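Going by TrEMBL, these are the annotated features:
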- A:137-144, A:219-223, A:283-286: GTP binding site (BINDING)
- A:304-317: domain 'SRP54-type proteins GTP-binding' (DOMAIN)
Amino acid sequence: MFGLFKKFKEGFSKTVSSIAAKTRGLFGGRKIDAASLGELEEALYTADFGVETTTEILAEIKKAYGKDKDLQGRQAAEIGAAVLRRVLAGSEGTLEGAALRGEGTPSTLNALRGERSAPELADGAAEKKPIVIAMIGVNGSGKTTTAAKLGWKLKQDGRTVTLAACDTFRAAAVEQLKSWAQRLDLEIVASHTGADSAAVAFDGWQAAKARERDYLIIDTAGRLHTKSNLMEELAKIRRVLQKHDPSAPQHRWLVVDGSLGSNSIEQAKVFHQHFGLTGLVVTKLDGTSRGGALVGIYRQLKVPIYFLGLGEQPEDLQPFSIENYAKAVFGLDS
Amino acid sequence: MFESLTDKLGQALRNLRGVGKLSDENMADALKEVRTALLSADVHFKVAREFTERVQAQCVGQEVTKSVTPGQQVVKIIHDELVRLLGEGTTQLSGARPLKIMMVGLHGSGKTTSTAKLGKLLKKRGYRPLVAACDVYRPAAIDQLEILARQEELGFYADRNSKDVPAIGVAALTAAQTATADCIIFDTAGRLQIDADLIEEVKKLRARVQPDEVLLVVDGALGQEAVNVAKTFHDALSLTGLILTKLDGDARGGAALSIKSITGVPIKFVGTGEKTGDFEVFHPDRLASRILGMGDVVSLVEKA
Ligand SMILES: Nc1nc2c(ncn2[C@@H]2O[C@H](COP(=O)(O)OP(=O)(O)OP(=O)(O)O)[C@@H](O)[C@H]2O)c(=O)[nH]1
Ligand SMILES: Nc1nc2c(ncn2[C@@H]2O[C@H](COP(=O)(O)OP(=O)(O)OP(=O)(O)O)[C@@H](O)[C@H]2O)c(=O)[nH]1
Ligand SMILES: [Mg+2]
Ligand SMILES: [Mg+2]
């Protein structure tokens, strides 16, 4: 556990240091007072926690302060972390399971399929291959990069993976995923720009099935949630896949740019309405943003968070951990 | 949400109806609503506070117009102040020939797309633009720019065998001269403001090509990080303008106010779609209404 936290914290270090720097006086040995409460409010807002979560954390700390005027910064930080733990309870996507940490127990496959009981695994795995993971989201959020990183991670873990280049719209989107596939030696099914994205998904599924691959990862074109015709295109991809396997795509992940503000909550709501999200990946948290919007999204939708993107390299995709996130945000060490 | 700001202000200022003046006391609740509204539009915490204080100073002592609610009147004052702030500076580009423009920003903000969009716009204005591929990191970044350049019939320069970004920039200038291009737009890689090596790289590129414009390309939905981003990019590169992208969505765009307040750099263009034609000169009044989540109130008050 400690090792994992350390790794997480390294990736998240700028985030940690930036928020911790702001609140060092506050979360150190110092006693809480009106001024430090003001600083805390600022730190929470600037972490993109939004009005609701900020108000909630502040209220709890103020309540504790009302009871105990000698409340120390460290205790306030603990309270804040506790609120995050409570709000985020249940938010860890189970892909974080053992296999992705290199232990390779069967429960990972189970977890991936959303079936938590081990006995069903063996049969289910053969029957339902490939498991389809679709990456969706607004423009530039990190879908293509995440598809490549995830493919690499699964491959490291001994799984077989096919990528499907279903962004047939954006200039060089196909070339981008192809280039990743080549670099990471991943199998890819692609057509050309302008091709029917649902047809590529269909081909991808057939190829993955014929080759008995464990996973099919589908990269889709970026689309703003406000464009209903583009949302319809996603539905079409889904319908086509379901001709093969009614449960596909088993995973429908929204890839969210962690540096965005409150609009990401709106994005998540609309994608959820149209596509029934099963998971989130929050990217670009190697910057100084604290990705507080993920808390807002989880509050609203209760869709689990599987991974955080902490850089542009394949290994920069890390399992989401509530504990690590809560501690990192409040500068608490384990 | 902010749609109800007018209502909320109305409530906060109800006992003021038909009475006289806005004062510190009767404004306090209303300003709290204003601040909350700005925060939920992703305006930076400190910027929201400063802005609210300034608006308060302007409101106090004003007579309440009889025909509108005090809430609407306050919204109008806020709106006007926002327009003033957002609209400071010119949307014009430098008149230099050749005109050298560098695009910089975070990952995925829309630099490459905006490079093509701006090229298209300038071509329409009579320039002969050439776009230069200075992103040597993102897979297929060069292909992306090349495809867009071909599509818009813009000059294009890339060196697929080099990773030396400043040298690529210089070579692009020579290529532009040979091709008699009179406007060169440099597309650069996405980079975090805290990535010292990559900031150093783009500083070197700037020093070598001496651009007339350095435009920061920012996602319209950017959150509180906007302030850190703007500060570092501005310190490192002396920005001359901003491009705000993806405004075809429903993000309220509060980050633009943060960046404007921090850097003072004018907002020049907005991106309103994925196609190269979806690009407009910036209008402060539209963005102000957007940040405030309303439009009608202003015209209503204007008529009153
Ligand atoms: N720093 C950082 N950059 C990232 C991360 N994930 C993706 N990126 C970068 O963000 C940019 C956009 O990533 P893409 O994967 O192309 O995003 P996309 O969602 O596929 O974009 P569209 O297909 O155009 O909608 C690229 O420059 C990536 O290298 C991350 O976790 N950290
Ligand atoms: N809807 C919409 N999409 C946009 C707009 N501007 C750019 N995009 C899309 O946003 C995504 C990212 O755009 P790029 O131009 O690749 O962004 P970039 O800043 O060059 O990305 P990196 O080079 O990876 O840092 C693409 O899917 C674009 O089509 C816009 O104004 N509206
Ligand atoms: Mg993509
Ligand atoms: Mg680019």
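Glycine is no exception: its Cβ is also placed from the backbone N, Cα and C atoms.
Distribution of TrEMBL features across the structure.
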| residue | record | contacts (Cβ under 8 Å, 6+ apart) |
| --- | --- | --- |
| A:Gly137 | GTP binding site | A:Lys143, A:Gly222, A:Leu254, A:Val255, A:Val256, A:Gln267, A:Phe271 |
| A:Gly140 | GTP binding site | A:Gly222, A:Asp257 |
| A:Thr220 | GTP binding site | A:Ala134, A:Met135, A:Ile136, A:Lys143, A:Cys166, A:Asp167, A:Ser197, A:Leu234, A:Ile237 |
| A:Arg223 | GTP binding site | A:Ile136, A:Val138, A:Asn139, A:Leu230, A:Met231, A:Glu233, A:Leu234 |
Whole-number mean of pLDDT values that fall within the domain 'SRP54-type proteins GTP-binding' (A:304-317): 94
Other CB atoms, at most 10 A from the CB of A:Lys143 (GTP binding site): 29
Contacting binding-site residues, sequence order - A:Gly137, A:Gly140, A:Thr220, A:Arg223, A:Leu285 vs ligand 3, Cβ under 6 Å: none
Neighbour tally for A:Leu285 (GTP binding site), based on other Cβ positions within 10 Å of its Cβ: 25
Near chain B - the binding-site residues A:Gly140, A:Thr220, A:Arg223, filtered by Cβ distance under 8 Å: A:Gly140
Helix, strand and coil residues within the domain 'SRP54-type proteins GTP-binding' (A:304-317) as assigned by DSSP: 3 helix, 6 strand, 5 coil
Cβ under 6 Å from ligand 1: qualifying binding-site residues of A:Gly140, A:Thr220, A:Arg223: A:Gly140
Three-state secondary structure, which DSSP defines for A:Thr220 (GTP binding site): strand
Per DSSP, three-state class assigned to A:Lys143 (GTP binding site): helix
Filtered binding-site residues, from A:Gly137, A:Gly140, A:Lys143, A:Arg223, A:Leu285, whose Cβ is under 6 Å from an atom of ligand 2: A:Gly140
